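Asker: Quick one: structure below, then a few questions.
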Amino acid sequence: MHLCHNSANISHTNSNWSRDVRASLYSLISLIILTTLVGNLIVIISISHFKQLHTPTNWLLHSMAVVDFLLGCLVMPYSMVRTVEHCWYFGELFCKLHTSTDIMLSSASILHLAFISIDRYYAVCDPLRYKAKINLAAIFVMILISWSLPAVFAFGMIFLELNLEGVEELYHNQVFCLRGCFPFFSKVSGVLAFMTSFYIPGSVMLFVYYRIYFIAKGQARSINRANLQVGLEGESRAPQSKETKAAKTLGIMVGVFLLCWCPFFFCMVLDPFLGYVIPPTLNDTLNWFGYLNSAFNPMVYAFFYPWFRRALKMVLFGKIFQKDSSRSKLFL
């Protein structure tokens, strides 16, 4: 059993920010949480309610929205208190549960993005065999992997304390005794978490986007040339627009993902090698940038998918409670 020195003083370590600053932070973070919850809840309701949206691809989007909604519901509120107060008030056991759930849901959201990019790859680059390859069974396997792998990794690592092997004393002095609660990794576990939760799925997304962009560009150029030869220049715009739109949608999803999560994961993997010099406040701030990814995902749908905008109107105006509204045509 370890003892915390000067525990009488440390036990009251909390935020040095003024009441006004803390109130502003609570308001800002509450807005982020509310945006995450409402946006993803609308995606969940829309895909669940409208029969036209019951496609394999949309069930993958539905699953990711559930992950992001749970992140906003189960993780972000407690992270908000930790961030603003600079202290963890909810006990050691709940800290482990919160950290495990945080890692699991954040990783699951990222894995869903990787699988969505694979789905888009086949849709754009192999359209003739798309429905045969990306069927309901394939989507079910993707969803199963996206949930189970992060769950086993996160809960196994945190509750077995595999992330603390070799750095137990450092964790006790720098986190536990200061009433902190945030993911703390040794060099080995940090690299493993970085590879599993960020590098591998991120590399898949970048590779797939690279392939989609150049294949779609080549297809559009070929169609352009063929139509020009028969004097149908104007008709080349429709397929080009469709392919370009698919590439742009995935490109924005990948860009938002990298912008949100890159800073956090690079600090996380480098910190053990730098002697844990990165301040917890900075880590916490970067973690919130990562959370923003879950709030931005529904905004990408709203911008690029007309069906989402139509479904949003029907949900907001209560039209989903009308008879046979589930059979409404959201697209042709």
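For all residues, glycine too, the Cβ spot is worked out from N, Cα and C.
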Asker: Under Swiss-Prot's topological domain names, is Ala137 on the same membrane side as Thr281?
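Answerer: Result: no, Ala137 and Thr281 do not share a side in Swiss-Prot.
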Asker: The disulfide recorded in Swiss-Prot for Cys95 goes to which of Cys4, Cys125, Cys177, Cys181?
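Answerer: Matching partner in the record: Cys181.
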Asker: I need the most crowded of these disulfide-bonded residues: Cys95, Cys177, Cys181. Count other C-beta atoms within 10 angstroms of each C-beta and give me the top one.
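Answerer: That would be Cys181, with the most Cβ atoms nearby.
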Asker: How many helix, strand and coil residues does the topological domain 'Extracellular' (80-97) contain under DSSP?
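Answerer: Residue counts for the topological domain 'Extracellular' (80-97) by secondary structure: 12 helix, 0 strand, 6 coil.
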Asker: Counting other Cβ atoms within 10 Å, pick out the least crowded of the glycosylation sites Asn16, Asn283.
Answerer: Asn16
Asker: Give me the long-range Cβ neighbours of Asp102 (2-phenylethylamine binding site): same chain, 6+ apart, Cβ under 8 Å, in sequence order.
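Answerer: Listed in sequence order: Leu71, Val75, Ser79, Ala154, Pro183.
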Asker: Going by DSSP, how much of the topological domain 'Extracellular' (271-287) is helix, how much is strand and how much is coil, in residues?
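Answerer: Breakdown, helix to coil: 12 helix, 0 strand, 5 coil.
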